[in-house]
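K.L.:
Can you keep this structure in mind? I'll have questions shortly.
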Amino acid sequence: STLKEWLWFVQAVMVIGVGNIASQDLMQRAFGARTESVAQWSMYLAAVVYMTIAMLPVLFGIAGKVLLPDIADPELVLPSLGMAYLHPFAMALFTGAMFSALMSSADGGLLAPASIFSENILRVARPDLTDRQLLWATRGAIVVVGMAGLMTALFFQNVYELMVKSFSILFVGLIIPMTAAIYWQRCNGPAAVASLVTGMVGWLTFEWLGTTYPPDLMAAAIGLVTLVVVTLTTSNRVAPLPLADIDGQQIAYRDRLGTLAFPRLGASE
């Protein structure tokens with residue numbers, strides 16, 4: 001294997017494994033936990049279970065390639081396997097389960113960005129808005145997000161490609177500033193924004209140019225270098241803000257990983 005092939009392999013692992021950390025579904029489940037301990041241990045257990053459950057769609061794909069080698073549309077492997085090898089009643093249950101999973105993922109995918117817009121952006125920009133006004137803003141944002149999602153789905157027309165691209169956006173734009181905000185005390189707001197912007201611009205540029213090297217890794221490297229440079233050049237003029245929740249309450253730096261916690265760089269506790 002060549003170095004380029006290994007870099008593509010590393011990108012595949014990083015995009016799916018690391019980029020997914022900043023995804024909305026994980027955040028929703030963490031924020032919905034009853035206590036911090038429940039959130040921590042739920043993530044530990046989910047990480048172990050994920051390694052087994054995640055193999056199921058892979059095995060279905062392999063089975064489809066062997067059992068249905070002449071299938072015209074790979075997107076129809078799962079329903080085609082069901083129609084070929086399941087009893088009609090079992091196929092009905094299987095179809096209902098698939099639609100249930102799709103609807104469950106879809107409603108979370110619509111609600112999460114709409115809630116982020118109303119709670120994290122609109123509420124901060126317009127603190128005078130009432131809860132009822134924020135509710136209507138969330139409802140409007142759901143419509144906009146739904147239309148944007150529909151247009152995106154019609155453009156890609158490939159579930160796997162769309163999933164990988166969505167994780168790529170998280171990987172090149174959010175992972176580096178999010179990690180630095182938690183574990184590097186000197187990292188400030190301008191550095192995080194600069195890292196996000198340069199990472200995204202770099203990724204879009206490399207995708208447009210069609211480079212033969214992994215565009216996600218190169219864009220992430222640009223974002224990392226930008227974050228470090230901007231932090232070192234601006235931290236004396238722009239003080240970093242402490243970690244805080246949405247109500248402004250400071251979050252303790254220690255035990256951020258629960259049982260697996262390790263000290264934050266530069267932190268006193």
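First residue shown is number 1, and so on along the chain.
Glycine is treated like the rest: Cβ placed from N, Cα and C.
Copying in the features that TrEMBL gives for the protein in this structure:
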TRANSMEM  6-23  transmembrane segment
TRANSMEM  44-68  transmembrane segment
TRANSMEM  88-113  transmembrane segment
TRANSMEM  134-156  transmembrane segment
TRANSMEM  162-184  transmembrane segment
TRANSMEM  191-211  transmembrane segment
TRANSMEM  217-234  transmembrane segment
K.L.:
Using a Cβ cut-off under 8 Å, which residues of the same chain at least 6 positions beyond either end of the transmembrane segment (191-211) come close to it?
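P.N.:
For the transmembrane segment (191-211), the sequence-distant neighbours (Cβ-Cβ under 8 Å, at least 6 residues beyond its ends) are 168-169, 172-174, 176-177, 180-181, 218-220, 222-224, 226-228, 230-231, 234-235.
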K.L.:
Sort out the residues at least 6 away from either end of the transmembrane segment (134-156), same chain, that have Cβ-Cβ distances under 8 Å to it, and list them.
P.N.:
109-111, 113-115, 117-119, 122-123, 162, 165
